[in-house]
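Asker: What TrEMBL lists as transmembrane segment is 6-22, 42-61, 73-95, 128-149, 169-188, 200-218, 284-305, 317-337, 343-368, 389-405, 411-428.
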Amino acid sequence: MEMFYYLVFGGLGAVVAALELSKNKDRVNTSPAFSSFKNNYLLVYSLMMAGDWLQGPYVYYLYSQYGFGKGEIGQLFIAGFGSSMLFGTIVGSLADKQGRKRACVTYCITYILSCITKHSPQYKVLMVGRILGGIATSLLFSAFESWLVAEHNKRGFEQQWLSITFSKAIFLGNGLVAIVAGLFGNLLVDSLALGPVAPFDAASCFLAIGMAIILSSWTENYGDPSESKDLLTQFRGAAVAIASDEKIALLGAIQSLFEGSMYTFVFLWTPALSPNEEDIPHGFIFATFMLASMLGSSLASRLMAQSSPRVESYMQIVFTISAASLLLPILTTFLVVPSKVKGGSISFSGCIQLLGFCAFEACVGIFWPSIMKMRSQYIPEEARSTIMNFFRIPLNIFVCIVLYNVNAFPITVMFGMCSIFLLVACILQRRLMVIAEKPKTEDWSSLKERDTEAEPLNI
């Protein structure tokens, strides 16, 4: 492996270590009961994220090893995002009504089945796996957070302690665990030569362990306790909440724009760094990205611990930096003479892009705990999972459109579109900051009351 990879990884590691060592200890006095609750959640969340991160670097690579081209791989990715869009809102609503704990267990089972399908080179079987994976992703990014917030409030813990759990969950689950998962995947595939399916088998094991802990130690909680609350009524209630509160609508748009760009980046970084089939260490690069994300989450914990600047303020800067970092593939096309030699090591333009991608991942690390905090402030608890999955509908539409046209446009155009969407997110974040201090025109209770009095939809 080239020295360049080690230098980038080592440099990021040194910065993260310096930040963590210089960080003041938490001045917030918490209770032993909260510490036990927090540690239990962090263990489960870390195992769930390990199951997800182990797969990340090798999905594209596995499909290419099975002989599929970029267009066919794009269709497989579309299946995942499409199923997340079609079924995500339904499973989110079921989580609110049937229980968040059950939804978390369902995530484990669904994702394990998705991993099993990776053993087959048959396109149809892989397509089924992608559909299952899309459903699981919707649950991962809604059910666990919804369970945490509801259980935190049910147990009477102070609201400000949520930020502690959020920042530590991102630091561990989206940072440290992701780095270890990338290195572990690299060990399985490259060092032990077990093949690109090995990380998926390892992911199944972690998911099974996490599911066992959930079943044995978690209690159930729900959204709206109304017995007559069927799925259609939940959808209507969530739609009314989004339409009636501009802050919720803006938050959903911001999340969709950023995550849409992020998931497009997940698909594009491999061909961007190896346009001439350069031999790049996927697992090690992924671990480097996750170290950059850990750097971002470490910065986020510092920012959120202070009263100023507010989340709504500093996120504008984060979106601007992320937009600039994804412009690097376009700039290197014009400023660096592209190599036409097949194979070999990473090119000079690839090195520059890798640094830019690390900057983007640092922004991702800041984004996750920050968006969690804003969601806990603005989204009503009674339909949290439903509303959060509503947010994913435009996200998945955007990603599906991009991947469907992946062969129609150069990679630089795709990165350019992502940069534009990130700049739009910055503008919307500015608007959210301006209106954040304004009181709601209606609270959730009045929205439910009006929704109950409204005539049923004619379908």
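Placed from the backbone N, Cα and C atoms, the Cβ positions cover glycine too.
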Asker: Pairs of Cβ atoms less than 8 Å apart decide it: which stretch in 128-149, 169-188, 200-218, 389-405, 411-428 has the most with the transmembrane segment (284-305)?
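Answerer: Top-ranked stretch among 128-149, 169-188, 200-218, 389-405, 411-428: 169-188.
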Asker: If contact means at least 3 Cβ pairs within less than 8 Å, sequence distance 6 or more, would you call the transmembrane segment (42-61) and the transmembrane segment (317-337) in contact?
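Answerer: The transmembrane segment (317-337) and the transmembrane segment (42-61): touching, no.
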Asker: Considering only Cβ pairs under 8 Å, which range in 169-188, 200-218, 317-337, 389-405 makes the most contacts with the transmembrane segment (128-149)?
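Answerer: Going through each listed stretch, the top one turns out to be 389-405.
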Asker: Under 8 angstroms for C-beta pairs, at least 3 of them, ignoring pairs fewer than 6 apart in sequence. Is the transmembrane segment (343-368) in contact with the transmembrane segment (389-405) by that rule?
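Answerer: The answer is no, given that the two segments have fewer than 3 Cβ pairs within the 8 Å cut-off.
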Asker: For the transmembrane segment (411-428), give me same-chain residues lying six or more residues beyond its boundaries with a C-beta closer than 8 angstroms to one of its C-beta atoms, as numbers and ranges.
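Answerer: Distal contacts: 250, 253-254, 257-258, 260-261, 264-265, 268, 271-272, 275, 316, 319-320, 322-324, 326-327, 329-330, 333, 398, 402.
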Asker: Using Cβ atoms and a strict cutoff of less than 8 Å, what residues sit near the transmembrane segment (389-405) while being 6 or more residues removed from its termini?
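Answerer: Non-local partners: 74-75, 77-78, 81-82, 84-85, 88-89, 91-93, 138, 141-142, 238-239, 242, 251-253, 255-257, 259-260, 263-264, 267, 414, 417, 421.
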Asker: Report, as numbers and ranges, which residues of the same chain sit near the transmembrane segment (6-22): CB under 8 Å and 6 or more residues beyond its ends.
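Answerer: Counting only partners 6 or more residues beyond its ends, the transmembrane segment (6-22) has Cβ contacts under 8 Å with 284, 287-288, 291-292, 294-295, 298-299, 302, 354-355, 358.
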